[in-house]
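Annotated features, as they stand in TrEMBL:
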- 2-242: domain 'Glutamyl/glutaminyl-tRNA synthetase class Ib catalytic' (DOMAIN)
- 5, 6, 7, 8, 9, 41, 176, 194: L-glutamate binding site (BINDING)
- 8-18: motif ''HIGH' region' (MOTIF)
- 97, 99, 118, 122: Zn(2+) binding site (BINDING)
- 232-236: motif ''KMSKS' region' (MOTIF)
- 235: ATP binding site (BINDING)
Ligand SMILES: [Zn+2]
């Protein structure tokens, strides 16, 4: 059984970039007769915007998405994430860290794929008492590689490309990396189709899956929608909310962005018929262009 999922963050309304990701994962799952789950990624409660998750649900309904089962909220699943952390801690794979950002920047001697690599200070010396501690995963020299269905072969060496990364923050919130791995595993997700901005997170997630004894899904990272300034469409750079009307036209634009070979008369079809066409003809986009061009007005 194929199980796909869409996991928006309720930090604002859905925009064209998030619609493209939703359409891709939906078509991927439905074209294989699979299920499609919805998960609200609100693990970082400090970024949550009031009313945004209801708005996202309403927009998904309007665009004709139908999901299987109950939608889950990460903010209600802390116990499950804590169990995973306890498991790692019991195996001496996680340790508390009280280093400040500045201390890490000053003592790091190595650059990884996302900036300064944590030098392992608190792995060698106990974390300072009386200060809230983050929890870091102890990484090894292991190479993690996977074959992305769109982006091709990817590989990172955990200790030297990533370093010991935070799985629970000092403010008590679990990291995205841990939460998403626990959720994908417990929901039985087999196919992850999402934006290429998460491509570099995937080796960390696979590494966690291996440590926690979980299966690794199939991954496909689709090209990102950029705005005219060449930035990824996002809530941070004020991407517009999806229009409430002309949903057929917007859906067709999303399919066009995803390089689907649309028939000439697609514009004459109903929303339902467009979806029917989409998952009967679905093929993953190619990575011929690293980032798609925003050819739409939204
Ligand atoms: Zn530390």
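Note that Cβ sites are derived from N, Cα and C of the backbone, with glycine treated the same way.
Automatic prediction, not curation, is the source of TrEMBL annotations.
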Most crowded position, judged by CB atoms within 10 A, among 5, 194 as binding-site residues: 5
Counts by DSSP class (helix H/G/I, strand E/B, coil) across the motif ''HIGH' region' (8-18): 3 helix, 0 strand, 8 coil
Beyond the site residues 97, 99, 118, 122: chain residues whose C-beta lies within 8 Å of the centroid, for Zn(2+): 98, 103, 104, 119, 120, 121, 123, 127, 134, 136, 164
Integer average pLDDT (0 to 100) for the motif ''KMSKS' region' (232-236): 73
Near-site residues: L-glutamate, ref 5, 6, 7, 8, 9, 41, 176, 194, CB cutoff 8 A to centroid: 39, 40, 180
Entries of 5, 41, 122, 176 (binding-site residues) sitting next to ligand 1, with Cβ under 6 Å as the cut-off: 122
In the chain carrying residue 122 (Zn(2+) binding site), residues 6 or more apart in sequence that have Cβ under 8 angstroms from it: 95, 96, 97, 98, 99, 133, 136
Longest CA-CA distance among 5, 6, 7, 8, 9, 41, 176, 194, per record bound to L-glutamate, angstrom: 16
